[in-house]
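Quick notes on the structure that follows.
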Amino acid sequence: LFDGVYPFYPQQRKAFVFDVSTIIVIVVFLTFACSFLLIIPGIRGRARLYWTVRVLLSLVVGVVIVAVQFTGDWETGWVKANTSYKSFSHAVVNADIGLHVGLAGVNITLMGNPVNQVNETINYNEHFAWRFDADYDHSYSEGLEKGLPRPILYVAEKFTMQSPCGVHRQYRISSHYASATLWVAFCTWLISNMLFSMPVLVYGGYMLLVTGAFMIFSLLSFSTVRNSPMCLIRFGTATLHIGYGGSFWLTLAIGLLCFVSGITVVTLHYFNLDLLKTFFDLHEDNVEEYQDMTEVFINPHFMSKGL
C-alpha cells in the first residue's frame with residue numbers, strides 16, 4: 001500500500017496474441033503478395049494460374065514460419081471463476097482468467113464479468129518473457145511492486161524459477177530450441193525458392209521436405225514440456241487447464257503442406273517430368289528454344305546460283 005491506497009496501474013497493456021512484431025511480419029508478406037498481383041496480368045496463358053498458386057503457397061509458408069515466432073498461443077487455456085482481486089483485500093470478483101504460452105514467454109489475461117467491478121475496470125493483459133535475453137523472475141518482481149491483480153500474480157508465480165512446479169527451465173529451453181528450429185526452416189524455405197527459380201526442381205522439392213521436417217522438429221521440441229507435470233492452477237473450485245493452441249496446429253498444418261508439396265515435386269520429377277516442367281513454366285521455354293535452334297533461314301539468291 002502507498003499512503004493507504006492500492007498502487008495504480010501505470011504501464012501499457014500488451015495484447016496476448018498479436019503484437020507489433022507479428023503485425024510487421026504480416027504487412028511485409030502482404031506487400032510481397034500485392035506486388036506479385038500487380039505483375040501477374042503480364043503473364044500469359046495457363047502459366048498465370050501456375051505462377052499464382054506457386055507464389056501464394058510459398059508466401060503462406062514463409063509468413064507462418066516467421067509469424068508463429070511472435071504469437072502467444074502455442075498453448076492456451078481459459079477458466080471462469082470467483083476470485084479475490086487484490087492482495088490484502090477481501091473483495092471478490094467474477095472474471096475470465098486466461099493463460100497463453102508462446103515461444104517468447106507467457107501472457108496472462110484477466111477480464112471481469114462484467115468488466116466494471118469494485119469501482120475498477122478489470123481488463124488486464126500481462127506479458128512475462130523468458131527469452132534468454134530476458135529475466136522472468138525480474139518481470140514477476142516488477143509485477144509485485146506494481147500491485148498487479150492477485151490472479152495474474154498467482155498464475156505467473158507457477159512459471160518462476162523458485163516455484164515448486166519446476167516448469168520454468170523446461171518451458172524456456174523447449175521454446176528456445178523450437179524457435180531456433182523454425183529459423184532453420186525459414187532458411188531452407190528460402191533455399192527451396194531459389195532452387196525452384198532454376199532448372200533443378202527436384203532439389204527444390206528436397207528442400208521443401210527439409211523445411212517440413214524442421215517445422216515438425218520445432219513442434220516436437222515444444223511438446224517436450226508435457227514431460228514435466230504441470231501444477232494445478234486452481235481458483236476456488238475451478239481449475240485452469242491448458243492445451244495446444246492455434247499457433248501449434250497452424251505450424252503442424254504448414255509442415256504437413258511442405259511434406260505433401262515436396263513429395264509431389266519429387267514424384268513428378270521421376271514419373272512425369274513434362275507435367276512438372278509445365279507447372280513451373282519451364283517446358284514451354286525449352287520447346288521455344290528448341291524451335292529457335294532448329295529453324296533455318298535460306299537466301300534464295302544463293303540457292304539460284306547453286307551455292
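In case you wondered, yes, glycine gets a Cβ from its N, Cα and C as well.
Whatever TrEMBL says is automated annotation, not expert-curated.
TrEMBL lists 20-39 (among others) with the feature transmembrane segment.
Taken from TrEMBL, the feature transmembrane segment applies to 51-71 (among others).
Sequence annotations record features per position, and here TrEMBL assigns transmembrane segment to 91-110 (among others).
Per TrEMBL, the feature transmembrane segment maps to 177-196 (among others). With a cut-off of 8 Å between Cβ atoms, the residues of this chain six or more beyond the transmembrane segment (177-196) that come close are 54, 58, 61-62, 65-66, 68-69, 103-104, 203-205, 207-208, 210-211, 214-215, 217-219, 221-222, 251, 280.
The transmembrane segment annotation in TrEMBL covers 202-225 (among others).
If you look up TrEMBL, you'll see 246-271 (among others) marked as transmembrane segment.
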Legend entry - Which of 20-39, 51-71, 91-110 contacts the transmembrane segment (246-271) most, counting Cβ pairs under 8 Å: 51-71
Legend entry - For the transmembrane segment (91-110), sequence-distant contacts whose Cβ falls under 8 Å of one of its Cβ atoms, 6 or more beyond its ends: 14, 16-17, 68-85, 117-118, 122-131, 134, 136, 149, 151-152, 155-156, 159, 171, 175-176, 178-179, 222, 233, 235, 240, 242, 245, 247
Legend entry - Cβ-Cβ under 8 Å with the transmembrane segment (202-225): same-chain residues at least 6 beyond its ends: 61, 65, 74-75, 103, 167, 170-171, 174-175, 177-179, 181-182, 184-185, 188-189, 191-193, 195-196, 248, 251-252, 254-259, 261-266, 269
Legend entry - Positions whose Cβ lies under 8 angstroms from the transmembrane segment (20-39), at least six residues beyond its ends: 55-56, 59, 62-63, 66-67, 69-71
